[in-house]
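*Asks:* Next up is a structure, given as C-alpha cells.
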Amino acid sequence: MMTMAFAVEEINSKSDLLPGVKLGYRIMDSCDSIHTSLQAFFSLVSFSNVETHLENSTCLSDSPIPAIVGLASSSPSRAVAQTLGSFNIPLVSYFATCTCLSDKQIYPSFLRTVPSDFFQVKGLIQLVTFFSWFWVGTIGTTDDYSRYGIQAFSDQFRLQGGCVEYHLTIPASPTTDEIQTMANTVQRSTAQVVVAFSNEGQLLDLFLEGTLGFTFPGVRIPGLKEFLLSVKPSPKPGMEFVNMFWEEQFGCKLRFEGERLGENGTDSLDNVTPVCTGSEDLSLASSSYTDVSKVRISYNVYKAVFAIAHALHALLNCDSEGVKNSSCNKMKHFTSEQLLSHLKKVIFTNQFEERIYFNSNGEPAPLYEIVNWQKDSSGEIRFVKVGNYDGSAAMGQQLRVLQSRIIWTGGELQVPTSQCSAPCPPGSRQATRPGEPHCCFDCLPCADGEISNQTGSTECIKCPEFFWSDPDKVKCVAGVEEFLNFTETMGIILVTLTLLGVIMTVIITAIFYHFRTTPIVKANNSEISFLLLLSLKLCFLCSLVFIGQPSVWTCMFRQAAFGISFVICLSCLLIKTIVVLLAFRANFPGLNSKGMFGPTQQKTFIFCTTAPQICLCTGWLLGGPPFPFRNPAYQASNGKIVVECKEPWPPGFYLVLGYIGLLAFICLLLAFLGRKLPDTFNEAKFITFSMLIFIAVWISFIPAYVSSPGKFSVAVEIFAILASSFGLLLCIFVPKCYIILLHPERNIKKGMTGKYNR
C-alpha cells in the first residue's frame, strides 16, 4: 500500500512523465474476501474525483475511477475483474496468479504485473523433476489460486511420469482434529517432498528450513525506505491503516486530541497497554515493513502504477518523455476503455532495466527467482536465492539451480530422495503393481534378446535380427552362430563313427579282394559286392559334408550325395536279392537265370534305378537349391543363430528320401520271399534283416528330424545315415568275413550248396 503511495508521489514529482498532471488515489481494504472486495469496488466506482485528477481537481475521465491496482488474491480478483469487464475499467493485479484469469472472454479488462500460475506450474514441474522427485504430496487451501494451481500441477506432473501420493486441503479455520488428521497423513506417507500452493500466511508454520519456493524478482527501490520511515500516525481520514500498523508495531494505543472519553469519564485505554506518543522511531524497529533491501511484491505494485502512468501519458498526448518543458492535454476527456487500450500497448524500460509490457493475455514476462528458506546465526529464517526460472527462454535453458547453495531440512546438504520405488537399473524394466500408481513398481529383468540401457526404463527394447542381449541385458551384441562343428563333442563322436565305418569298409574290401577267388566271394557276385562296398564308403563319407559351417557348395552337395549313394547301395542289394531268387529257381525247366539276369543286365538295372534319383537331385539343385541361412528362430530360447541349409523347396528332400524308401521296401519284400530258400549260406535272410534295420532307422528319422531344433536336426540325419550304413555293412558283409577268416573250411563249393557236412 505504501509503495503505491510512494510510486504516485514519485510520478507526480517527475517532469518527464505526465508533466502538469497530478495523480491521486483512494485505498480500500478487500480483507482478502470476495464479499468485501465487491463492496470496495462498488464504493470506488460510485466515488468521483478520486483516481486521476488535474492539479485543479478537475476529473479527466468520464468514469470516476479510470484504473484500479489490486487485488492480491485470485478469488476476489476473479469476482471484481468479471464485474469490471462490463465497465472496461482496467484492473491491474500485483499478486493474483490464477491461470483462470488469463481468459480474456471472461476478464477482458484484467491485467497483471505478476506471471500466471501457468508458468509457475511449469517451473515447479521442472524443479521437482530436476531433483528426480517423482513421488510427492500436495497441500493447498480453499482459494482459487490453490485449487487451480494444484490441479494444473497434478495434471502436468503425471505427464512427466510423476505421481501425487495424497492431497490435503487446509480449511479456512481448521479444527484441532483436522490438523491432527492431516499431520498423520503426512507422517505416514512415503513421499518425502510436499508441494504447497498457498500464500505465505496460510502455511507459515510449514515453512521450515529447507523449503524451496518460487518468488518474483526483487529490487531495491531508491527512496522507498526513507518514505516508509517518514510515515507518522494521524487522525486525518485515510490514515486508518497507518494508525493500526503503528499500534501493532509498537504495542501501544494511539490517543489523539478530541477523542471521546468512556462512559465513566475515562478513555478506553486499559492499565496495561501504554499510550503511543506518535514519535516512536520506525528505524529502530525490526520488521518486514522496514526491510526494503529487496522488495518483490511491492515491486509488482510499483510496476503497476508506472504502467498506468505511461498509458495515461500516451492517452493524454503528452510530449515525449525526457523532453524539457513538456506538457499534456489536460483538458482531454477519455473513457476507461481508451485507457485500457493504451494500457495493453504499454512498453517501456524502467530504472531497473526491466522491460515492462503486457502480452496478449495481459501478463508480463514470466520471470521467477528460486529461494531457499535458511536459518541465519540468530535462528531467524531468511531467503537465499539459489536459482531462477525464465519461462520465456528456450527449453533446456529456463531453469537454473545452484545446488551448492541449498540447505535442506535439518541442515543437510545432500539432496533428499522422494520416490515410491527406486528407478530400475539398466537391464531391467518397470512393472506396475496392480491397483497402485505407476510410480510404484517392481523391477523385472529384461527377457533374453531384449535390453534396457537406461535407468528407469519402462520397456525393454528387442535386439535387432541376428543380435542378442549380453549377460547384463544392457546392450545388443552380434548373435553367436551355431552349427554342428568338428571340434565340439557331438561333432567329434560323429566324425569318429564315420571314420570307423570307412575303415571297416576298407578292411572288408581288402579281405574280399584278397579272397576274391574263393567260392563265397565269387558266389555273391564279386563285382556287385565291390560296388556295394564302394557305395557304403560314400554313404559314410557323405555324413562329413553335414558337419562344419554350411556353405553354398556343401548345402547343394550334401543331400545329393546322400540320396545317390544310398540309391546305388540299395540297387546293389536289389540285384543280390534278385540273383538269389533266380539262382534257386534255376532247376525249373526252360529257365536260364544267367542269361536272363547276367552282368550286363545287372549293370543296366543299377543305371536304371539310379538315373531317376540323379534326375531328381539335378532338378532339385537347379530349380531350388538349398543355401546357407542364418536362422534366428532359436534366439529366443538359447540366444544363438543357427547356421543351416535352408530348403527353399522342402518336397525335394522328401522325394529323394521317398525314392530311397521305395527301393528299400522292394528290396525287403523280395528278400523276405527268399529268406527260407535252402542253402548253407542264404544271403536273402541277411538282406532282409539289414532292410528291416534300414527302414526302422529312416521311419524313426522323420519325426526326430522334424522336431529337432537347429544343429540337432543335422545330427539326427547324420546318425540315420551312419546307423543305416552300419546296419548294411554289418548284416551283409560281417557274416561272410566271419566264414572267410574263421571258418575257411566252409568257404568251398560244397559248403555253399549245403552238401558239405561239418
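Indices start at 1 and increase along the chain as displayed.
Cβ coordinates are placed from backbone N, Cα and C, and glycine is handled just like the others.
Whatever TrEMBL says is automated annotation, not expert-curated.
Copied straight from TrEMBL:
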DOMAIN    490-756  domain 'G-protein coupled receptors family 3 profile'
TRANSMEM  490-515  transmembrane segment
TRANSMEM  527-548  transmembrane segment
TRANSMEM  560-584  transmembrane segment
TRANSMEM  604-622  transmembrane segment
TRANSMEM  653-674  transmembrane segment
TRANSMEM  686-706  transmembrane segment
TRANSMEM  718-742  transmembrane segment
*Asks:* Given the transmembrane segment (718-742), which of the listed stretches 490-515, 527-548, 560-584, 653-674, 686-706 has the most Cβ pairs that are under 8 Å apart from it?
*Replies:* 686-706
*Asks:* Looking at 490-515, 560-584, 686-706, which one has the highest count of Cβ pairs under 8 angstroms to the transmembrane segment (653-674)?
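*Replies:* The listed stretch sharing the most Cβ pairs with the transmembrane segment (653-674) is 560-584.
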*Asks:* Over the span of the domain 'G-protein coupled receptors family 3 profile' (490-756), how high is the average pLDDT in this prediction?
*Replies:* 84
*Asks:* Counting Cβ pairs under 8 Å to the transmembrane segment (490-515), which of 527-548, 560-584, 686-706 comes out on top?
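*Replies:* Ranked by Cβ pairs under 8 Å, first place goes to 527-548.
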*Asks:* Taking a Cβ cut-off under 8 Å, which residues six or more beyond the ends of the transmembrane segment (527-548) line up next to it in the same chain?
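*Replies:* Same-chain contacts beyond the flanks: 483-486, 491, 494-495, 498, 501-502, 505-506, 508-509, 512-513, 521, 554, 557-558, 561-562, 565-566, 568-569, 572-573, 575-576, 579, 599, 602, 606, 714, 717-718, 721-722, 724-725, 728-729, 732-733.
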*Asks:* Sort out the residues at least 6 away from either end of the transmembrane segment (560-584), same chain, that have Cβ-Cβ distances under 8 Å to it, and list them.
*Replies:* 524-525, 528-529, 531-532, 535-536, 538-539, 542, 545, 591, 593, 596-597, 602, 605-606, 609-610, 613-614, 616-617, 620-621, 656-657, 659-660, 663-664, 666-667, 670-671, 673-674, 677-679, 682-684, 687, 690-691, 717, 721, 724, 728, 732
